Amino acid sequence: MNTGGRLIAGSHNRNEFILINADETARIRSVQELSGQVCQICGDEIEITVDGEIFVACNECAFPVCRHCYEYERREGNQACPQCKTRYKRLKGSPRVDGDEEEDGVDDLEHEFDYGGFDGWGPEQVAEAMFASRLNTGRGSHLNDASGVSAQSELNASPLDSTIPLLTYRNEDVYITSDDHALIVSPRSSHGNRVHPMPFPDPSTPLQPRPMVPQKDIAVYGYGSVAWKDRMEEWKRRQSDRLQVVKHEGGNGGGNFNSDELDDPDLPMMDEGRQPLSRKLPVPSSKINPYRLVIIIRLVIVGLFFHYRILHPVKDAFGLWLTSVICEIWFALSWILDQFPKMYPIERETYLDRLSLRYEKEGKPSELASIDVFVSTVDPMKEPPLITANTVLSILAVDYPVDKVSCYVSDDGAAMLTFEALSETSEFARKWVPFCKKFNIEPRAPEWYFSQKIDYLKNKVHPSFVRERRAMKRDYEEFKVRINGLVSTAQKVPEDGWTMQDGTPWPGNNVRDHPGMIQVFLGQSGVRDVEGDELPRLVYVSREKRPGFDHHKKAGAMNALIRVSAVLSNAPYMLNVDCDHYINNSKALREAMCFMMDPTSGKKVCYVQFPQRFDGIDRHDRYSNRNVVFFDINMKGLDGLQGPIYVGTGCVFRRQALYGYDAPVKKKPPGKTCNCWPRWCCLCCGPRKNTKSSAKKSKKKSKGRESSNQVHALENIEGQNELITKKSSEAPQTKLEKKFGQSPVFIASARLEDGGVPRDANPAALLREAIQVISCGYEDKTEWGKEVGWIYGSVTEDILTGFKMHCHGWRSVYCMPKRPAFKGSAPINLSDRLHQVLRWALGSVEILLSRHCPLWYGYGGGLKSLERFSYINSVVYPLTSIPLLAYCTLPAICLLTGKFIVPQISNYASVLFMLLFVSIAATSLLEMQWGGVGLDDIWRNEQFWVIGGVSSHLFALFQGLLKVLAGVNTNFTVTSKAADDGEFSDLYIFKWTSLLIPPTTLLIMNIVGVVVGISDAINNGYDSWGPLFGRLFFAIWVIVHLYPFLKGLLGKQDRMPTIILVWSILLSSILTLLWVRVNPFVSRDGPVLEVCGLNCD
């Protein structure tokens, strides 16, 4: 092989080689120049060997590693080069390790090129024969002799031309002919972090000359072809274009790569761009295995406990004993439903840099998927417009391509105050959004950004930051004044209602009877920020309302937003947040896209749920408003099964999943059945399968999935060319109309799995169509609220909607970034908190009594068993209120009557009770360990479980039964009895509500019981203290759990609400009557009569 005076370099193991031209910058350094090279692992200088050469650990890529790190890697590590992963060979002076090749007293390095079978050949012929044999591999021309080397005649017949005949990774490039193969190279990355090393340097990176013999004239080597150099540069440019961005099937505007193309061997994996966008982080076995062991031990102890309780009844208090056993059995069942879904907890980690490498290529439009964000509000007097404005501003300033974000605000109260506040918000956003992105501030809700008590100059280096921040704070304060002025004006509504600027009446003057309204504030052409950049779309939506129609509250409003967004923007993904939940982490949308747009696991993800975090809660969290146990323990456990449940806000959805489609199913390879074998094989292996029955089953299955087929089409509106690509699985138009309604534009958008609208669509025509899809009669005789969108039938539409998607085979993902993605406000006073829990519990009762109850719905679908356990627990927990109320009443009854629910305790029973309490404590401690929650969070959750169970859950159960069975709606009103009084003032507000009656009664009964029991023990002497101990412990357990309720009932220490005084007088009277009835100072057998010793005669 004639090299033309050029140097040949390559790798035998990696099937690479290249000719190095004399005019290229890549040359081998001299020993003097290399002597200052540092180790890329420890940073020490690489030493010179005894032969005067620099130490080289890897002969494949020459990755700079010192001898100490090299020997440590061979002795303790994986014995491979950190860069090219080639196994290290033993070098001179290095000790032998396991796996080294057998040597006869010499080092492998001296015999590296000692090949046999070339006797009589010159060095040049040997080199040419070796490279020719490698080049012929896999190309169909195996003209090798017995030694594996091509004949010399064939070598001489292939003269050198201007190209490099090369085949790497055993794959051919489609742009180059079979005779002109070239090297496939990954883009250059940082040193030591490449999955595949660079076979030659990146021309864009200047390198110092490094000749082996500096004094030698360069003309001796000759020069390479300029045409070849240009050709190589063009090839590398094309190769970089192919590898830089891998398009995702389902991404908006991002091509149609399928799974086969993603596995194309012509696309070698990039360093980062081809890596997974997220990964699971299972809980370490040192934490989860003891937890599972304790659960098993606790199950055994519970079994022994019930064995003892059932076999040892209390005959003189049989009613109390039976009641306690029934309650305990129910508590055990509830614990099992809650405990088992937490057996496989996981955490997740996202890689935002890989997401950018994959979908955001420099100099090209972003290929990230579009997202429609939904914000829902009803009454601006209860949900302040300033709070809604901050939520909208945080959405508009999110770290995401502006042309990919659309914000839809649903005003279900048709309030002009909300409309005007949103108009002011759009004007302020023109200043706020560029400020946030210029200085990269967090959070991007101005109210919470300016109220942070931190050093806002940290990590800020821009010289104009302080000046612009002061100006922006002044602008925001002026914005707040304008919003407050609107609120003040809205307090007095004119008799004839509000009018618009042009004098026309405001369409929403009648809240219960008004047409649909849509206003696009931002996103249209011409509206840009103060720096001239484009802004995300902002749309105001108020659906039509007419008397006589059931509008389905929040679920109906969300479904209206789905249809409006499908017509106007049709993003493949949707985020819904409450009006008081702002985006606290500007990269939250990117976090969700790491799961949704992952080519391997993203196809089956229906939604990504973020945990709820709250502002404005006191550090003690008296009423467990943060709900940390649920979000940091239960949800992690569900994520290891089929995914977390949907909690109503802070959730990114896949639009196709909300449309009621089934999750994609991987086609399994056909298994070997008996039909593949001779007939006589059936005698041994069993009878053949009934082909008729299997055909019926497959036909039935296909029929069940017919309504869930995803069809892809594109339709234009109003005279535009129809471009409809129909598939054999496409559902008929009539079926789609029955499912989605009579809007052809919406049906066309529903067929587009990747979303998007026609670029040349008429905006006016789209708005007219959007008005049609939010009319109050649009959903009649369709599947909206039944199989499509948010599901109707419960005030907690979130649980029902997530449950339906899981039944369709989808899975969800729980994302917990280090910086919370969303933050909101929570009711922190006792009455508001109880009413919030009442609403949740009422929704669960409605689901329990509906056809969608997890106890009997969804079998045969895609719902996993432990996931079903979780959903069952989420709808049956209000039933626990009855046994809990009875169980908390038992201590007071026992103390007042002198009886107990347990017979005289033996040593065995004492040990059993102690083990039960220890197992409960151990379970909680281990959950704290792997869940990352504190002891106070566990304890507050236990306390409020009792408080809410005997109040809100109890009322929700009766209210739900009345509503579902009798059709009677009952509401519990709340009236404020205190005013604002400083920070956390809402914590001390007392609002009387009927929900306070049961826990107050329980609290006083047990306190009275404790007083009576102690008085009785004092009266009866020392022997009565032993039996009293168990009753006192039982009563104190109830009082301690109700202690936060007692503090909330009393309000501030220096205040005594009138209602408390009334209750005190009433209960004091009851206490007096009980005292007379019990009379602890009189013996149980009546007064003791003794003979008087005095002689009165």
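From the backbone N, Cα and C atoms, a Cβ is placed for every residue, glycine too.
Keep in mind that what you see is a predicted model, and the values were worked out from it rather than measured.
Same-chain residues at least 6 positions away in sequence with a Cβ under 8 Å from that of ASP412 (active site) are, in sequence order, SER376, THR377, VAL378, SER542, ARG543, LYS553, LYS554, ALA557. Marked as active site by TrEMBL: ASP412 (among others).
Look at TrEMBL and you will find ASP798 (among others) tagged as active site. Under 8 Å, Cβ to Cβ, and six or more positions away along its own chain, ASP798 (active site) finds ILE645, TYR646, VAL647, GLY648.
Cβ contacts within 10 Å of GLU383 (UDP-alpha-D-glucose binding site), excluding its own Cβ and spanning all protein chains shown: 19. Per TrEMBL, the feature UDP-alpha-D-glucose binding site maps to SER376, LYS382, GLU383, ASP412, LYS553.
Residues or ranges marked as Mn(2+) binding site in TrEMBL: LYS554, ASP578.
For 689-703, the entry in TrEMBL reads compositional bias 'Basic residues'.
Computed over the domain 'RING-type' (39-85), the whole-number mean pLDDT of the model equals 81. Residues annotated as domain 'RING-type' in TrEMBL: 39-85.
The region 'Disordered' annotation in TrEMBL covers 247-266 (among others).
Per TrEMBL, the feature region 'Disordered' maps to 689-712 (among others).
According to TrEMBL, the feature transmembrane segment maps to 291-311 (among others).
The transmembrane segment annotation in TrEMBL covers 318-337 (among others).
Positions annotated as transmembrane segment by TrEMBL: 875-896 (among others). Through the fold, the transmembrane segment (875-896) approaches residues 317, 320, 323-324, 326-328, 330-331, 334, 337, 799, 841, 844-845, 847-848, 853-854, 946, 949-950, 953-954, 956-957, 960, 998, 1002, 1005-1006, 1008-1010, 1012-1013, 1031-1032, 1034-1035, 1037-1038, 1074, 1078 of its own chain, all at least 6 residues removed from its boundaries and within a Cβ separation under 8 Å.
Taken from TrEMBL, the feature transmembrane segment covers 908-926 (among others).
Annotated transmembrane segment per TrEMBL: 946-966 (among others), in sequence order.
Positions annotated as transmembrane segment by TrEMBL: 987-1008 (among others).
Within the chain, the transmembrane segment (1028-1046) has long-range Cβ neighbours (under 8 A, six or more residues past its boundaries) at 622-623, 830, 888, 890-892, 894-895, 900, 902, 905, 940, 942-944, 946-947, 999-1000, 1002-1003, 1006-1007, 1009-1010, 1013-1014, 1016-1017. Annotation source TrEMBL lists transmembrane segment at 1028-1046 (among others).
According to TrEMBL, the transmembrane segment annotation covers 1058-1078 (among others).
Applying an 8 A CB threshold to same-chain residues 6+ apart, the list for ASP578 (Mn(2+) binding site) reads VAL375, SER376, THR391, GLY648, THR649, GLY824. The residues of the domain 'RING-type' (39-85), classed with DSSP into helix (H, G, I), strand (E, B) and coil, number 10 helix, 4 strand, 33 coil. Sequence-ordered, the extra residues of this chain that approach the UDP-alpha-D-glucose site, with Cβ no more than 8 Å from the Cβ center of SER376, LYS382, GLU383, ASP412, LYS553, are THR377, VAL378, ASP379, GLY413, LYS554, ALA557, CYS579. Each of the binding-site residues LYS382, LYS553, LYS554 was ranked by the number of other C-beta atoms within 10 Å, and first place falls to LYS554. With a 10 A radius on its CB, SER376 (UDP-alpha-D-glucose binding site) counts 22 other CB atoms from all the protein chains. The full span of the recorded UDP-alpha-D-glucose binding residues, SER376, LYS382, GLU383, ASP412, LYS553, taken as their largest Cα to Cα distance, is 16 Å.
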